[in-house]
């Protein structure tokens, strides 16, 4: 039996693509226990959450030891920003390919291949010599391709495993591992560099964790997970399913081409505006994730709190603190966002986009204040950065939930892939490089000094606050269309 708790399987052609099932027979579960499918669903979700943790740890190993990498390869701010940009570019270009495959082929096989690939490349990148910086950049791009296979497909499996009420909760748990994994990436990188005195060891831990994730995926995740469609969302009572498709006039939905799917999504304004809101989020989080530890270090140097880093292994305390902040605010933000949306949805059908818009505006204000006080009070800077990250994290699960109820199930992998493509293309693919380029240009026009090294980063970071305000505006626009698009998806 399937992990979704559905008794029978759809026809083979629907299993591979997710078209609306026309018939599901009533009857008891094969196991004889209605609890078994639920247990299997939670077990599958736990494995996917663990792999998501590793996924995002790999993303943020580089920013966690950025000072060491910058010194090792002798990089300017502009060249350093290129590291994360190449990673994100490869990630976003691969996402639509995996979205197409995920809607049509076995998702477990795609996930397993992705985990194996990115873990192997991460391990290999730890042995690259200082003379081969271009190979190190290439390795980050390949890791991006591997992680795209996971981020595109895993949420759709979770969406299929649970009914609507539990789905929001489980997606929240899944997305909690974005900030937790990101924060642990900083902590792992900084800790391994401190303990071993060699930053290369930071790249040798997550591949071992990836190997365990692959074993768990093979052993515990069902070979096929049934696509939950409109027919499967019918009333479920005591282990039986009563299917709406048995009523006259309900017909099987025909397959559509990828081009038709894209055209349909482009006409879905809730999807379009929420994707642009997510793009603004990605721009801000990408820039913060890459540069904040270095920015804090330069602020401390200007204030005389720490000396300039001249030795081989630089002080990693900012990465550890920022990693801790990212974990704490991420967990709190995702839980608070999901709970606020769940409660407000009962009194306002537009609650989801309004929650996202409000949190973006508050986050932008907090980040602006953090930048302004950085030169005089480092503690206040940490506090306001924490609040900025907290309100950014509020949106992660809510944005995905919006997508899942305004897009018909058989287009969801494609929709997630397109959202990944757009949000990264216009968001965090360019923001780390753009911030580094602006900072480098400001330094080039002024005398080389520790003061201008800090100011250049401070001035370039202000761009993030303005982008955050635009993001709030995009979510407000989403609220104008959300009710109509939801009804259309249900039809």
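Cβ from N, Cα, C; glycine included.
If you check TrEMBL, you get these features:
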type: TRANSMEM; residues: 41-62; note: transmembrane segment
type: DOMAIN; residues: 44-483; note: domain 'Major facilitator superfamily (MFS) profile'
type: TRANSMEM; residues: 82-102; note: transmembrane segment
type: TRANSMEM; residues: 109-128; note: transmembrane segment
type: TRANSMEM; residues: 134-158; note: transmembrane segment
type: TRANSMEM; residues: 170-189; note: transmembrane segment
type: TRANSMEM; residues: 201-221; note: transmembrane segment
type: TRANSMEM; residues: 271-292; note: transmembrane segment
type: TRANSMEM; residues: 320-341; note: transmembrane segment
type: TRANSMEM; residues: 353-373; note: transmembrane segment
type: TRANSMEM; residues: 379-404; note: transmembrane segment
type: TRANSMEM; residues: 416-439; note: transmembrane segment
type: TRANSMEM; residues: 459-482; note: transmembrane segment
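Count of Cβ pairs under 8 Å against the transmembrane segment (170-189): among 82-102, 271-292, 320-341, 353-373, 459-482, the largest is for 320-341.
Sequence-distant neighbours of the transmembrane segment (459-482) (same chain, 6+ residues past either end, Cβ-Cβ under 8 Å): 269-270, 273-274, 276-277, 279-281, 283-284, 287-288, 291, 295, 349-350, 352-354, 356-358, 360-361, 363-365, 367-368, 371, 395, 402, 406, 431, 434-436, 438-439, 442. Long-range contacts of the transmembrane segment (41-62) within its own chain (CB-CB distance under 8 A, at least 6 residues past either end) are made by residues 3-5, 69, 83-84, 87, 111, 115, 118-119, 122, 140, 143, 147, 150-151, 154, 157-158, 161-162, 170, 173-174, 177-186, 188-189, 202-203, 206, 209-210, 213, 216-217, 220-222, 225, 289, 323. Confidence over the domain 'Major facilitator superfamily (MFS) profile' (44-483), given as mean pLDDT on the 0 to 100 scale, stands at 84. Counting Cβ pairs closer than 8 Å and at least 6 residues apart in sequence, the transmembrane segment (134-158) and the transmembrane segment (353-373) reach fewer than three and form no contact. Beyond the transmembrane segment (416-439), the same-chain residues lying 6 or more positions past its ends with a Cβ under 8 Å from any Cβ of the stretch are 76-85, 88-89, 91-93, 95-100, 102, 148, 151-152, 155-156, 262, 265, 271, 275-276, 278-287, 289-291, 400, 403, 456-457, 459-461, 463-464, 467.
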